[in-house]
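Read the structure below first, then the notes.
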């Protein structure tokens, strides 16, 4: 009896809200930001709200005359229901009634979901991981006031497309439609990191891909976006240290050893306060599965609507949900699910990847798409694939190889002299930030051109910087040191 009384009260609340729309048509936009027609318990009320929305779309008055005209022939609202709606007494505090309708709708959907979970759990053929993933998606949809929709009509899609074109026109000559990468020339290729896209950033070890990632993180923060960083290799504190070094222009060595003068301490304090105000979130557990990343991002997005981008360092350290699969199959599954998650949350996801060692055997060590380790479906799933290449790293390795060769030939003194010289040059290079060129190679770009972006890497501050177009150094001149002969 109590339940029946509650339903009668709910119907009355729905009538009052609909009557309020008839009295004040402009309120429908605010109400629609919370409610959908499916949120109404009593079906005729949901149909009434749907008709009212269609009238509002074409700037028609929402009144008794137009409601009756627009009523579909196959779905009629009874005369008694119409009279009850138009006769209901609207109230001033309609927001509370709207929330009550939404609250009741969510409870009904939760009840339905609970029954579905029970039925699926009793089916022995259903895998628990599949059930959990489905539950996560449904709960996330409820938290965001939406449902998992089916087909979208061409009219709706075209309207959305035109809104996007109009928004880009409003931005004028700006070429960045997504989140700025932090590099003007890279933005010219990509138009920034756009929502729903999966971006792969690949490099060999020691190339500095984590530093490049942190540069991109800071760029997104400057665009007032919320940023999530999954760091499976470095602690959050280590990444924060790099960010502070970049922002303060205090080299990492001095920052770690706290050898700072008064001005540097003051600068550090200012940057600390500035960065503390940003929406930057770290998840730095060394072991993480794909389903955990999905759960954490959904939770973070529901708590912080301004979340605009996520970074993962790096993909091959993640674990698949099904341990029985071959590793390349797990990686392919992870990349596919990351792409799906990016579209679901409507954010770009940037995943760092390790490249195959085999590229070291080539004369030209610039990466190509086939160098992606355990590539599987990564290349296929990615909207953009970026590679990082620093010739200076290979120059150092060539110097080390020459020293080893001299030792094997018995030229110990010559090897020691070269070793001392090389170490001193590297120390000066690291401390003083000698000019070093770095290439960001756009190897795949689903919606644009491919090519190479030239930047400078400022080693002491782990900072990548824009380089003017066509001003990059010639091969073998990226530093003041010459490539050693063999």
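Using the three backbone atoms N, Cα and C, a Cβ is placed for every residue, glycine included.
What Swiss-Prot says about this one:
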- 172-471: domain 'SF4 helicase' (DOMAIN)
- 203, 204, 205, 206, 207, 208, 209, 210: ATP binding site (BINDING)
### Message
According to DSSP, collapsed to three classes, what secondary structure does residue 209 (ATP binding site) have?
### Response
helix
### Message
Within a 10 Å radius of its Cβ, which of these binding-site residues (203, 207) has the fewest neighbouring Cβ atoms?
### Response
207
### Task
Check residue 203 (ATP binding site) against DSSP and tell me helix, strand or coil, would you?
strand
### Task
Restricting attention to the domain 'SF4 helicase' (172-471), give the mean pLDDT.
84
### Query
Of all the binding-site residues here, 205, 208, which one's CB has the most other CB atoms within 10 A?
208
### Those residues of the chain, 6+ apart, with a Cβ under 8 Å from that of residue 210 (ATP binding site)
233, 234, 239, 242, 313, 352
